[in-house]
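Notes follow once the structure below has been shown.
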Amino acid sequence: MDQMKKLAKALFNNSSNPKLAWQLFKWIISSPNPSNSFSHFHQFVPFITRSLLRAKMFPEIDAFHQLLLSLPLHTSHPSLTTTVRILADSGHLTQAISHFRSIRTHFPANPPSLSLYNFLMESCLRENSVGYISWLYDDLITAGHSPETYTFNLLIGGLCDCHRLEDARKLFDKMRDKGCQPNEFSFGILIRGYCRAGLASTGLELLDVLKNMGLSPNAVIYNTLISTFCKEGKTDEAEKLVERMRKDDLLPDVVTFNSRISALCSAGKIIEASRIFRDMQLDDELGLPRPNIITYNLMLERFCKKGMLEEAKTLVESMKINGAFTKVESYNIWLMGLLGNGKVVEAQSVLKEMAETGIRLNVYSYNIMMDGLCKKGMLTDARLMLYSMKRSQVPPDTVTYSTLLHAYCTKGKVLEANNVLSEMVKSNCWPNSYTCNILLRSLWKEGKLSEAESLLQKMKEKGYGVDTVTCNIVIDGLCKCGKVDKAVGIVSEMWDHGSAALGDLDNSFIDLLDDNSKWKECMPDLITYSTVINGLCNAGRLDEAKRKFADMTERNLYPDSIVYDTFIHSFCKIGKVSSAFRVLKDMERKGFNKSLQTYNSLIVGLGSKNQTFEMYGLMDEMRERGVSPDVFTYNSMISCLCEAGRPEDAIYILDEMLQKGVSPNMSSFGFLIKASCKTGEFGIAREVFDIALTTCGHKVSLYSLMFNELLAGGETLEAKALLEASLDRCFDIESFLYKDLINRLCKEENLEGATDILKKMVHKRYGFDPASFMPVIDGLGKRGIKHEADELAERMLEMASHGNVTNKVYRNKRELSHAKLGKYSGSDWQTIVHRDDGSGIALKTLKRVQKGWGQGSTLSLQPQKNDYLDIWDGTS
């Protein structure tokens, strides 16, 4: 006996050496005094089983099982069942079931206890291995056991987890036939199953059944129903249940109130949620539960998401006072709220506070910060955050690297993205499908098809799942680069071959077909069809797009509002407004509301038919439904009214834009200026121009538009003044009809004005079309002002020889000397002369000047020397 105690002590002392412990155990079993060894045997079984499991010595565990089977029944049977329990409890369910079946085979007349069957069923549910449960239940009956209520509860729970609610209900209804009475837990399990399946109303009916059986519902059942109704937005039903709960002498607990607060917040009823939260904090007389950390975090998160930062800040201060702001999870919510609202500096202050108070940042904290910095375009700071993360010994995860990778790809910085990917791999943090899809999207966007091909091949080699998202990226890229037929082909092939359909891309991608089933699981989804339908519509292939729409619905993929909007936009674009409204009718019949995109498309379509009354009707409907028009909406209205010759009405639309805080763009002002000038209402045009200057600033396109319209409307002097103002601002005058202005001034006998324009352009060092001099030279010649005509002719020849015709200021010598020769340069200067359809005086002047070219003086046209040098030096 003393020897057995020593052996047992030796066995336990070698717990850190499972191989030696196993050898000692086998030696104990083979002891020459088996009666002693068997009397102490059972106490060694749990120890040796757990030792072998920790060391993952599974062959030895199987050998142990066989060893136990060889022992006498009274010793082996309890030891064998103990081993099965330990295996199941440790998560090794397959091996536990295997050993259990072996026990049933060797000892059919000595079945295990019902509690072991229940334990194994419970383990199956925990490990999500419900396939074993049916066999266990059948064997339980074979073994002669009568299932108890707990057994049925396990089975009902398993069926609910497998979404087999009908079977669960049938089993629940048969419990009494099997001699088992359902208890409140039976009802709770089935009610939870109905709630998870979105059938809370059916679950609520069971509450009445429960009461009719004389049972009392517990707080868990009520909380399950209340939480589900809250999540579904049925707050009235949830409130009724709270009252019903009180009538059953059950006080709503913090879980109940958290569900109500969460539901109200999700429904946008922040004020109501805040009122409940306040009552929980202050009103002890009502017997309300005090808020817990979940309550505080719920309110903080909702305040942040709604942009209510002042309320969130007040709550944070309150949490600090109450000692509830001590967890990194709360700090992470606050960080996300600040960064989500663009408060980077404040978020960095929170990081400093965390360091000072000893709150250690976790990987989620860093990921939140990096995401916020990347969205603000602060990529250098995000990079530094990654280095800080490593210094703090917080290993970056796939999300960390993917966030930075996405930011670089969005900015088109493929080289930096590749560096991040390389660093990611070196850190033993392997990319996943999401990471690869980010890179793939970027490569398609950059038009780097060969690199995209290589990436797809690497994804295959590394075993990354090429999923539907991957295929959608490729399909989108093909549509955008005009290869719609290939995109359509891939969608069709995906149904049979999954992502292997990407192999059918001719020379763009290598053949990716293989027999790997995971590549074939990739099926088209709604986004796939939306993408290819949009591609077909953009290519004007509406009939094919409609066939794809039909194919989608036949395969039980139902369109969303985006697909409908695509068709509505395409029909309106080509003027088929009636077809667009038929699509709209089907869209609304399917329960989708008009979006801003829908309204904009319809307004454009109606505008193409000059149906302004109907356009106003849509605008009124938008206001009623709370859809705010954007600049595109207003511009469509303005354009249509201007086309209809109603600029006064269009002005009212512009006023509404400004009042609603929608900033007009250049198109808004352009429509109005053109329409006003066309109808001769130049006063309105000037007012619009002044508003445009205030809103858009002094832009070349704005000045050019106003100048050209004034000139076309015969407002020559105003056009001249605007051109002079543009020259003073050194605008590029290529889009200005300045030659037409000079011609007009000359025809109106305003040679002085035309000469002033030319001199100013020369003085400002503009390179412009030398033919602009011709009408002025001709006019001066007719008046006999020979000297000034000669000076202009000499300057024209000089410009023609330099090819100085690009209509902009030359700011330095290098730019002037490298200017390309234009069609008016060199020996072709005569073509300039023959473009003049005047009296030929200009031609005589030019011939005369040509003979003495270089001997005359053009000082009156040249700027002063100091100004000339200032321009070359870049100091003017």
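Cβ from N, Cα, C; glycine included.
If you look up TrEMBL, you'll see 148-182 (among others) marked as repeat 'PPR'. For the repeat 'PPR' (148-182), the residues of the chain that approach it from at least six positions outside its boundaries are 114, 117-118, 121-122, 124-125, 128, 130, 133, 137, 140, 189-190, 192-194, 196-197, 199, 213, 215, judged by C-beta separation under 8 angstroms.
Annotated repeat 'PPR' per TrEMBL: 183-217 (among others), in sequence order. The predicted model assigns the repeat 'PPR' (183-217) a mean pLDDT of 88.
If you look up TrEMBL, you'll see 218-252 (among others) marked as repeat 'PPR'. Long-range Cβ contacts of the repeat 'PPR' (218-252) within its own chain (Cβ-Cβ under 8 Å, at least 6 residues beyond either end) map to 184, 187-188, 191-192, 195, 198, 200, 203-204, 207, 210, 259-260, 262-264, 266-267, 269, 287-289.
For the repeat 'PPR' (253-283), the residues of the chain that approach it from at least six positions outside its boundaries are 219, 222-223, 226-227, 229-231, 233, 235, 238-239, 242, 245, 289-292, 294-295, 298-299, 302-303, 306, 308, 311, judged by C-beta separation under 8 angstroms. Sequence annotations record features per position, and here TrEMBL assigns repeat 'PPR' to 253-283 (among others).
Taking H, G and I as helix, E and B as strand and the rest as coil, DSSP gives the repeat 'PPR' (292-326) the counts 26 helix, 0 strand, 9 coil. Here TrEMBL flags 292-326 (among others) as repeat 'PPR'.
The repeat 'PPR' annotation in TrEMBL covers 327-361 (among others).
Within the repeat 'PPR' (397-431), the DSSP-based counts of helix, strand and coil residues read 26 helix, 0 strand, 9 coil. Residues or ranges marked as repeat 'PPR' in TrEMBL: 397-431 (among others).
Sequence annotations record features per position, and here TrEMBL assigns repeat 'PPR' to 467-501 (among others).
The feature repeat 'PPR' is assigned by TrEMBL to 525-559 (among others).
Annotated repeat 'PPR' per TrEMBL: 560-594 (among others), in sequence order.
Here the repeat 'PPR' (595-629) has long-range neighbours at 561, 564-565, 568-569, 571-573, 575-577, 580-581, 584, 587, 636-637, 639-641, 643-644, 646, 660, 662, meaning same-chain residues at least 6 beyond its ends whose C-beta is under 8 angstroms from one of its own. Positions annotated as repeat 'PPR' by TrEMBL: 595-629 (among others).
With DSSP classes pooled into helix, strand and coil, the tally for the repeat 'PPR' (630-664) is 26 helix, 0 strand, 9 coil. Residues or ranges marked as repeat 'PPR' by TrEMBL: 630-664 (among others).
Across the candidate stretches 292-326, 397-431, 525-559, 560-594, the maximum count of CB pairs under 8 A to the repeat 'PPR' (467-501) is reached by 525-559.
Mapped onto DSSP helix, strand and coil, the repeat 'PPR' (183-217) counts 26 helix, 0 strand, 9 coil. Look at the repeat 'PPR' (560-594): DSSP puts its residues at 26 helix, 0 strand, 9 coil.
According to DSSP, the repeat 'PPR' (253-283) comprises 26 helix, 0 strand, 5 coil.
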